[in-house]
Every structure is written in structure tokens, then in C-alpha cells.
Amino acid sequence: MADQDKPSREQAEAAVRTLLNWAGDDPGREGLLDTPKRVVDAFGDWFSGYSDDPTEYLKRTFEEVEGYDEMIVLRDIEFESHCEHHMAPIIGKAHVGYLPDGKVVGISKLARVVETYARRLQVQEKLTAQIAQVIQDVLQPRGVGVVIEASHECMTTRGVHKRGVSMITSKMLGSFREDARTRAEFLQFIDVGPGR
Ligand SMILES: Nc1nc2c(ncn2[C@@H]2O[C@H](COP(=O)(O)OP(=O)(O)OP(=O)(O)O)[C@@H](O)[C@H]2O)c(=O)[nH]1
Ligand SMILES: [Zn+2]
């Protein structure tokens with residue numbers, strides 16, 4: 001969205017008052033007076049990923065790694081996101097692996113990439129694919145794998161009300177997609193599932 005189309009803070013707070021009213025409460029009562037301000041602040045936090053460019057995190061790389069060319073995996077990257085259908089939380093973990101081609105990136109940057117895309121409205125498939133694709137495009141490794149396991153509060157606290165359900169998605173690119181051994185090594189490293 002272009003900046004000039006962005007609603008003002010006052011408009012955003014007024015929208016929250018409308019929703020409070022619609023829910024059946026009185027936005028003028030004392031306990032709710034500051035709620036629109038808090039909700040807009042919370043939106044600023046949950047959706048800060050729109051003003052962040054994930055490619056920036058991956059541009060600083062290191063080449064002095066003694067020719068290290070084996071798989072690098074960051075597993076159990078916890079994240080909170082929101083589904084684009086209901087704006088309900090998606091809470092889970094991402095596992096990211098890649099096979100470097102000369103360049104490696106600081107590991108915190110992989111977690112920052114996850115954070116940036118998570119702090120936007122998402123569907124899990126898109127979140128998974130976006131993380132894998134930006135790593136492939138910017139770092140240009142021999143391959144990338146991303147696996148995400150998450151629970152969707154739009155399924156647990158409303159709608160079908162199914163607790164304890166996890167959704168697992170994966171996106172494999174390059175050698176992770178083409179070479180069964182690479183894929184198997186990655187899946188073994190991250191050891192997804194409740195048993196571990
Ligand atoms: N594939 C996928 N589906 C999602 C994700 N997040 C939410 N959904 C689903 O998106 C669907 C939206 O379906 P709709 O029928 O349009 O919405 P709804 O009437 O609120 O559906 P219910 O949740 O079944 O009550 C639901 O089945 C959600 O469970 C996601 O990340 N990936
Ligand atoms: Zn949803």
C-alpha cells in the first residue's frame with residue numbers, strides 16, 4: 001500500500017472503537033478508553049514486517065569459512081504470525097536449512113527473515129515459500145529447505161474448534177528438491193514431530 005493511502009492513527013483507533021461497539025460493548029467505558037490505542041500499538045508490532053525488507057538481512061555474507069560446504073540448519077525458530085483469513089494468531093516453529101555455495105550468512109539473519117514474513121498477514125504455505133525463495137534469490141546457495149509446523153488459532157478458538165492440530169508445510173529448492181539424500185539429511189537434522 002502506498003504511504004499516502006495509509007489511514008491515520010486516529011482513523012485506525014476509530015476503527016477499533018467501531019469493532020468494540022459491534023462486539024456489543026461500550027468503547028466509552030473506563031476500561032476500554034485506552035483500548036483502541038493499545039490495539040493499534042499491537043498491530044504496529046504484529047504487522048511490522050510490512051516495513052521490513054528481508055533481502056537486506058541476507059546481503060551481508062562471510063566467505064572465510066575454510067571451504068565449509070556442508071548443510072547449515074537452524075531449527076526451532078519460534079514465530080508468531082496472523083492468518084490472512086481471520087487475523088487470528090498462527091503460532092509455530094520454522095526450520096531453515098541451506099547448502100552454501102561459497103557464502104554463508106550470520107545465523108541470526110535466517111531468524112530475522114522468518115520474523116519479517118511472519119509479521120505480515122499470512123497463510124502458512126505462503127510464509128514457507130517466501131522464506132525459502134528469498135534465501136535462494138539473495139544468498140544463491142546450492143539448495144534451501146524450509147519446514148514449518150504451526151497451530152492456527154482460527155481452528156482452535158473458533159470455527160471447527162480443534163485443539164492440538166499442527167499444520168506442517170515444506171518448501172524445498174535446488175538440491176533439497178532434486179537430491180533425495182540432501183532432503184533426507186535435512187529432515188533428519190530437524191527431526192520434526194511430537195516425539196523428539
Ligand atoms: N491452507 C491454509 N488454510 C488456512 C490457513 N489459515 C487458515 N486457513 C483456512 O482458511 C479457510 C478459510 O475458509 P472459509 O470457509 O473462507 O472461512 P470460514 O467460514 O471462517 O471457515 P472455518 O474456519 O471452517 O469456519 C479455513 O478452512 C481455515 O482453516 C493457512 O495458513 N493455510
Ligand atoms: Zn484463519
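For all residues, glycine too, the Cβ spot is worked out from N, Cα and C.
Residues annotated as domain 'GTP cyclohydrolase I' in TrEMBL: 13-190.
Taken from TrEMBL, the feature Zn(2+) binding site covers CYS83, HIS86, CYS154. In the three-state DSSP scheme, CYS83 (Zn(2+) binding site) is classed as strand. A 10 Å cutoff on Cβ-Cβ distances gives CYS83 (Zn(2+) binding site) a total of 19 other Cβ atoms nearby, all chains included.
Neighbouring residues of the recorded Zn(2+) site, listed in sequence order and excluding CYS83, HIS86, CYS154, comprise HIS82, GLU84, HIS85, MET87, ALA88, ILE90, HIS152, GLU153, MET155, ARG158 (Cβ within 8 Å of the Cβ centroid).
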